Amino acid sequence: MTSHTLNELIAEGVRGRYILVRSDLNVPLDGSAVTDDGRIKASLPVLKKLSDAGARVLVTAHLGRPKGAPEDKYSLKPAAARLAELADFKVQLANDTVGDSAKELAAGLQDGEVLVLENVRFDARETSKDDAERGAFADELVALTGTNGAYVDDAFGAVHRKHASVFDVATRLPSYLGDLVHTEVEVLRKLTTDTQRPYVVVLGGSKVSDKLAVIDNLLGKADTILVGGGMLFTFLAAAGHKVAGSLLEEDQIPVVQDYLKRASDAGTSFVIPTDVVVASRFAADAEHEVVKADAIEDSTFGASGIGLDIGPESAAAFAAQIEGAKTVFWNGPMGVFEFEAFSSGTRAIAQALTDTVAFTVVGGGDSAAAVRTLGFEDSQFGHISTGGGASLEYLEGKELPGLSVLDR
């Protein structure tokens, strides 16, 4: 990578300069309470570096998927408040992104202070497919930095988006790679080049369609792919088994069958669960039992049973595969971990990752939320990615606009 780094920017001198930082503050909320502040904590080091160096920092970020206009439930207020609690520098929040509030507060910023601009997705131009519209919004963001500004991309969770605050501002200001993004890319490189073998990939989550491209790219690169989560039922169906009322993407069965055929030629083996936890309905207190994966309809609940977790036999088999690995990448929970009764599979995978001496990477999103919800510490894993979609697209071999624009 030929991108300039944050350390280079600081070496040039940032005291008194406005530095626009794209951070990842897209955190889960329960009302106005942040339920997982992992991304906020991950954003802190770069902001602190710039603050300590005397920069006047303008933070852009998004939260959720507002429809191009302000919505209270997507405000950055809770995230900015949590950032202020964690920081040892002054943090303020503007009531808008490029309006009067942002301009007034930016003008009053002192060296070392941080101003969080309101959710960039409150402006429809942020995500516009029209280059001119995005460019116009980027121009207004850049205008806040005055005549000697710079841009730092520290939001790995957004680098796969060609959005104004990620891509277009980088074409208008001297641009630098934030430490968080730099670390993420270096970690993902270890999963794609010179990977220590055996390389085991654990894939879960609800839909196999979300993982097709990454599976395709991993054939021949990963030694073993362990399949759990809702997507496992499409694999079972592809092998000719009935899955009762479990989540099934029938249109993906031929694709999965093709992958299963190609895998052996490519030197990659798929490991599919041999037992699953089947429930009477989708609820935390649902009746449930463990059955063989090839006999789901033989459960007490018959054809209406719903598979909500991998079974203990499968969890142990997956853990054994992880124990023998030198590199492990995990993306997607094994079951409905939010319900205690169906969290055992996900917990077993997390525990196996903490027990192994292998280099372990937890791909962001639901997997990161799961390990924290289940009581594991970030430090117990080699790396927890802040970008679920971005990490998958990187492993798919796709070009990520937010990274390619920084290469020069």
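Glycine is treated like the rest: Cβ placed from N, Cα and C.
Remember, it's a predicted structure, so these values are computed and weren't measured experimentally.
Annotated substrate binding in Swiss-Prot involves ASP24, LEU25, ASN26, ARG39, HIS62, LEU63, GLY64, ARG65, ARG161 plus, out of the candidates ARG121, ARG262, ARG281, the residue ARG121. Close to ASP366 (ATP binding site) in the fold, though at least 6 residues off in sequence, lie GLY205, GLY332, PRO333, GLY388, each with a CB less than 8 Å from its CB. For the pair GLY64 (substrate binding site) and LYS211 (ATP binding site), the Cα-Cα distance reads 21 Å. Separation of the C-alpha atoms of ASP24 (substrate binding site) and GLY365 (ATP binding site): 12 Å, rounded to the nearest whole number. Closest by Cα distance to GLY365 (ATP binding site), from the binding-site residues ASN26, HIS62, ARG121, is ASN26. Among the binding-site residues ASN26, HIS62, ARG121, the residue whose Cα lies closest in space to that of GLU338 (ATP binding site) is ASN26.
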